[in-house]
Amino acid sequence: MAPASAMELEAPPPPVARAPAKEIKSPEVSALSSLQRKKLGAHFMDSDERRFPTNAGTRTPLGGGYEPPSAAAAAGGGGGTTPVNIRGQPIAAADLPRTGGWVAAFFIFGNEVAERMAYFGLSVNMVIFMFKVMHRPFTSSANAVNNFLGISQASSVLGGFLADAYLGRYWTIAIFTTLYLLGLIALTVSATVPALAPPQSGCDSLAMLLGACARAKPWQMAYLETALYVTALGAAGIRPCVSSFGADQFDERSPGYKRRLDRFFNLFYLAVTVGAIAAFTAVVYIQMHRGWAAAFGTLALAMGASNALFFAGTPLYRHRLPGGSPLTRVAQVLVAAFRKRNAGFGSGGFVGLYEVAGAKSAVRGSAKIEHTDDFPWLDKAALQLEDDGDLAGDVDPWRLCTVTQVEEVKILLRLLPVPACTVMLSVVLTEFLTLSVQQAYTLNTRVAALHLPVTCMPVFPCLAIFLILALYYQTFAPLARRLTGHPHGASQLQRVGLGLFFSVLSVAWAGVFERYRRGYAVRHGYLALFLTPMPDLSAYWLLIQYSLIGVAEVFCLVALLEFLYQEAPDAMRSVGSAYAAVAGGLGCFLASALNTAVDAATRDDAAGRPSWLAQNINVGRFDYLYWLLAVLSTANLLVFVYVAKRYKYRVRVDAQATTVVNKQ
């Protein structure tokens, strides 16, 4: 059972009836003195055009690069999030049933399976390839792959930006998945053509350990690293878009939308897990029995097949219009708020908070967002004064922004602490990927006649994730529903908190077991034999920490993707999803920095004291590092509980529909 602190995180409140639509009224002069003490409500519907001036001649509503909807769009009705076809035209109501839904989503799942298979396949094999084939030092090889993992996640904001600003999610995926395939083909060529690797003659295991093998030439390493980083760039472009594009296939105005969205993200992470399982089993097997070229070639073939599957589903997809550069809109709000930092709601010439007329916002692809009281200093950007422009003239978007544009920035700021609290989980996952494999080298990996290679050990967290996701709606959801009363078992933030709690348990158990494993090695004469398996100590004790971290991933990362998609502004959902990937990348970099700091702080060569992270794991103190991670993870969980209790959901959900309400 989850701890009270995790299960008592704020859940969405019961359904709230939408208030009658009203416009923002310009206050009377006599009321200006009390305006700052009152809620500046904002329900934006059709308004008097005198309040919302337009560009002269074109009559384009002001507010930062807004393009007026076409006649077809106007005929299509709906809000700013009306789905469109690949040509950007609203999908007719009669054609909607033939697009989107689960059929379209399954084409997208196929692309994600192959992308994750390639990502994890490279993460588990590339270190060994650089060490054994390119004869690069092991530490240097590990750092290069950690950089690949970190860059491919941290730079995901680039893909999210391009999707939300210019290309849309479909074309962003199409471009970067092709780039991904080219990178994998280049890696396959690197493992196939002898001229691209140093000579392998006379390079046995002892020579490798002693560093006596012929080193790769600079141009050979340059080719390999270029191919690797092209692959990383392809992954960075795909990652923030695939989950959002899949979720776009479901109509947010239909009954049962929240239930379908919840199931979609569970199935999406199931696709991620299937790709990882294939990487840790099939790809490892192919590498061991058919060689490096066959292993990398398999990844390229899988990506090519997934690309074909993705493009085959093109007629079925629903699309969302890109809303223009989100970074420009954010910059406009910050600049406008700074320029009016000394203006007040009681200033002379105050007109009101600025918003365009009509049901649609000035941000293409986004519905209007209601005003909130958070970050009141940003409201200065929407503070309309008489000198901001004539009623029929131009308004400078760097001086005056719409309330919807201001609220976009507020939402991005409110979201930041949640993915920031998941960075620590990424640190733990990164440490497990390397430290637990080193533990496994000293343990017996046989069960009866089955002998599992050590490089396959990371498959066990994936199997735990697969099992939990498969049983989620038959086990956890009904039980949690009884405890919390939440229609989906637990809110998104409750599930994130529960995942962080399980990550604390996993790393704490890892410390306990590592202390026992090291003591066993010392007592039985294995102190110097750190690469020799101890026959009477099974590696399957590691399954406990693997299973716990698998549970943590299910609850935390699945809920985080769903949370970011649902809470992010309509025209910034790819950027919102990129938050999760960036948090993962920061976790990789932070894990490397933590290891460097621990190594420097605990090593004392003069006194003969080895580092906690000594190459001989039986001499080092991995258990101390695990317990340090447990302390840091616990502190991180407490911070998250505080953040979650203060967070107010932008989207309130009842059993039938999703309703955006004004937070009181």
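Placed from the backbone N, Cα and C atoms, the Cβ positions cover glycine too.
Whatever TrEMBL says is automated annotation, not expert-curated.
Annotated in TrEMBL:
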| type | residues | note |
| --- | --- | --- |
| REGION | 1-30 | region 'Disordered' |
| REGION | 49-79 | region 'Disordered' |
| TRANSMEM | 179-197 | transmembrane segment |
| TRANSMEM | 267-286 | transmembrane segment |
| TRANSMEM | 292-312 | transmembrane segment |
| TRANSMEM | 415-437 | transmembrane segment |
| TRANSMEM | 449-473 | transmembrane segment |
| TRANSMEM | 493-512 | transmembrane segment |
| TRANSMEM | 539-565 | transmembrane segment |
| TRANSMEM | 577-598 | transmembrane segment |
| TRANSMEM | 624-644 | transmembrane segment |
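Counted over residue pairs 6 or more apart, the CB atoms of the transmembrane segment (493-512) and the transmembrane segment (415-437) come under 8 Å in at least three pairs, which marks the two as touching. Long-range Cβ contacts of the transmembrane segment (624-644) within its own chain (Cβ-Cβ under 8 Å, at least 6 residues beyond either end) map to 5-6, 9-10, 417-418, 421, 423-425, 427-428, 431, 435, 493-494, 496-497, 500-501, 503-504, 507-508, 510-511, 514, 598, 602, 612-613. Recorded stretches compared: 179-197, 267-286, 415-437, 449-473, 577-598; the one with the most Cβ pairs under 8 Å to the transmembrane segment (539-565) is 449-473. Under the criterion of 3 or more C-beta pairs below 8 Å, with sequence separation of 6 or more, the transmembrane segment (449-473) and the transmembrane segment (292-312) do not qualify as touching, having fewer than 3 such pairs. At the 8 Å Cβ cutoff, the transmembrane segment (292-312) and the transmembrane segment (179-197) share at least 3 close pairs (sequence separation 6 or more) and count as touching.
For the transmembrane segment (415-437), same-chain residues at least 6 beyond its ends with a Cβ under 8 Å from one of its own Cβ atoms are 123, 142, 146, 149, 454-455, 457-458, 461, 493, 496, 499-500, 503, 506-507, 510, 542, 545-546, 549, 552-553, 556-557, 560, 563-564, 567-568, 576, 579-580, 582-588, 590-591, 594-595, 622, 625-626, 629, 632-633, 636, 639-640, 643-644, 647.
Long-range contacts of the transmembrane segment (577-598) within its own chain (CB-CB distance under 8 A, at least 6 residues past either end) are made by residues 143, 146, 149-157, 159-161, 236, 239-241, 243-244, 415-416, 419-420, 422-427, 429-431, 557, 560-561, 564-565, 568, 611-613, 625, 628.
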